[in-house]
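J.: Encoded as structure tokens, here's the structure I'll be asking about.
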Amino acid sequence: MTNIRKTHPLLKIVNNAFIDLPAPSNISSWWNFGSLLGICLVLQILTGLFLAMHYTADTTTAFSSVTHICRDVNYGWIIRYMHANGASMFFICLFMHVGRGLYYGSYTYMETWNIGVILLFATMATAFMGYVLPWGQMSFWGATVITNLLSAIPYIGTNLVEWIWGGFSVDKATLTRFFAFHFIFPFIIAALAMVHLLFLHETGSNNPTGISSDADKIPFHPYYTIKDILGALLLILVLMTLVLFSPDLLGDPDNYTPANPLNTPPHIKPEWYFLFAYAILRSIPNKLGGVLALVLSILVLVLMPLLHTSKQRSMMFRPISQCLFWILVADLLTLTWIGGQPVEHPYIIIGQLASIMYFLLILVLMPMASTIENNLLKW
């Protein structure tokens, strides 16, 4: 008799996705981040659910309710800090996952890649709305500054911003709707992630060489299940080290001051994982131009399959492209640093140069390098 896992309508899906799935025999630890992102999402949904049980989405009590969670709720402090730092781990895994995709040419799986870009946008939107909920100074002013960017849209901008605010400023209506959206979005992300996986399993995983691995497949279980468990343990180790030893390391001290519309903090800045985009936004003196650059900095990922001029899929055997890739990584780190600095000399010019470099590398230099490498292969 056939094993139940191969015949049962539900178990069959799990079996084909996580047990008997044919996987390339040579995928490295860079392929661990997909499962780690899944773990991060489940962790965020669970901790978020328990936080929502004690949180109140009202301007008068939101800040106090978060304090109450940390002081009076059983293990509330650890749930709160796991949720806050879990977001950081989520974005570290996201950036690594996208970086892996860029390096090894995984973007040639167009459907999987484009859903991934939508997932990235959805996760960024969720994290932004979540940051508003504690209703500290940085929550309030971050919400004000970022939502205000939509007013740069010609003709409908102002109406759009007031519609999102639910009034003429960030207030109770804004907080309530942000809480509602912050609660529902992770479930939308989970659904999209399943579609992401569905499309991936249509083609099978890419591998470091970028060459078809159909001739050499191994079952996902036990090989990659055990590998994913190791990755998960390392993720939890890093997360819990952060939570238990320095939970506020990545946060902003300003968010421990209750929101005050009459007092603007000296330096308004988002969480660290948005700083690179924030630096690109600030490097353009024009409001609409800045907003466009901000959106394009992520949307440029959609163009990656079109910008792929190389005859090889992966960068494994392309040293020039490798150099440019790591320069891009360094550039993104520079932008992240600049995003957290005040708007003054020399930071302004460094930010502008790094922003130009970012788009230049992706849109011009990397496709050029690929063409040069193609020609070098003819010799």
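Glycine residues also receive a Cβ, built from the backbone N, Cα and C atoms like all the rest.
So Swiss-Prot lists these for the protein:
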type	residues	note
TRANSMEM	33-53	transmembrane segment
TRANSMEM	77-98	transmembrane segment
BINDING	His83, His182	heme b b562 binding site
BINDING	His97, His196	heme b b566 binding site
TRANSMEM	113-133	transmembrane segment
TRANSMEM	178-198	transmembrane segment
BINDING	His201	ubiquinone binding site
TRANSMEM	226-246	transmembrane segment
TRANSMEM	288-308	transmembrane segment
TRANSMEM	320-340	transmembrane segment
TRANSMEM	347-367	transmembrane segment
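Show me how these features fit into the shown structure, please.
T.: Long-range Cβ contacts of the transmembrane segment (77-98) within its own chain (Cβ-Cβ under 8 Å, at least 6 residues beyond either end) map to 30, 33-34, 36-37, 40-41, 43-44, 47-48, 50-51, 66, 69-71, 116, 120, 123, 127, 130, 235, 238-240, 242-244, 247, 250-251, 271-273, 301.
Over all protein chains present, the Cβ of His83 (heme b b562 binding site) has 21 other Cβ atoms lying within 10 Å.
His97 (heme b b566 binding site) has a Cβ environment of 20 other Cβ atoms inside 10 Å. DSSP gives His97 (heme b b566 binding site) a helix state.
Of all the Cβ atoms in the protein chains shown, 14 others lie within 10 Å of the Cβ of His201 (ubiquinone binding site).
Within its own chain, the transmembrane segment (226-246) has Cβ neighbours under 8 Å at 29, 32-33, 35-36, 39-40, 78, 81-82, 85-86, 88-89, 93, counting only residues six or more beyond its boundaries.
For the transmembrane segment (320-340), the list of distant contacts is 99, 102-103, 269-270, 272, 274-280, 282, 310, 347, 350-351, 354-355, 357-358, 361-362, 365-366, 369-370, 372-373: same-chain residues at least six beyond its ends, Cβ to Cβ under 8 Å.
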J.: How about long-range neighbours of the transmembrane segment (347-367): same chain, 6 or more residues beyond its ends, C-beta under 8 Å?
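T.: Residues packing against the transmembrane segment (347-367) from afar: 279-280, 282-284, 293, 296-297, 300, 303-304, 307-309, 321, 324-325, 327-328, 331-332, 334-335, 338-339, 341.
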J.: Count the CB pairs under 8 A between the transmembrane segment (33-53) and each of 113-133, 178-198, 288-308, then give me the winner.
T.: 178-198
J.: Could you check whether the transmembrane segment (178-198) packs against the transmembrane segment (113-133) - three or more CB pairs closer than 8 Å, residues at least 6 apart in sequence?
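T.: These two stretches do touch.
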J.: So which residues does the transmembrane segment (288-308) touch in its own chain, when a touch means Cβ under 8 Å and the partner is 6 or more beyond its ends?
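T.: Same-chain contacts beyond the flanks: 98, 102, 105, 107-108, 110, 113-114, 117, 120-121, 124, 149-150, 152-154, 276-278, 280-282, 355, 358-359, 362-363, 366-367, 370.
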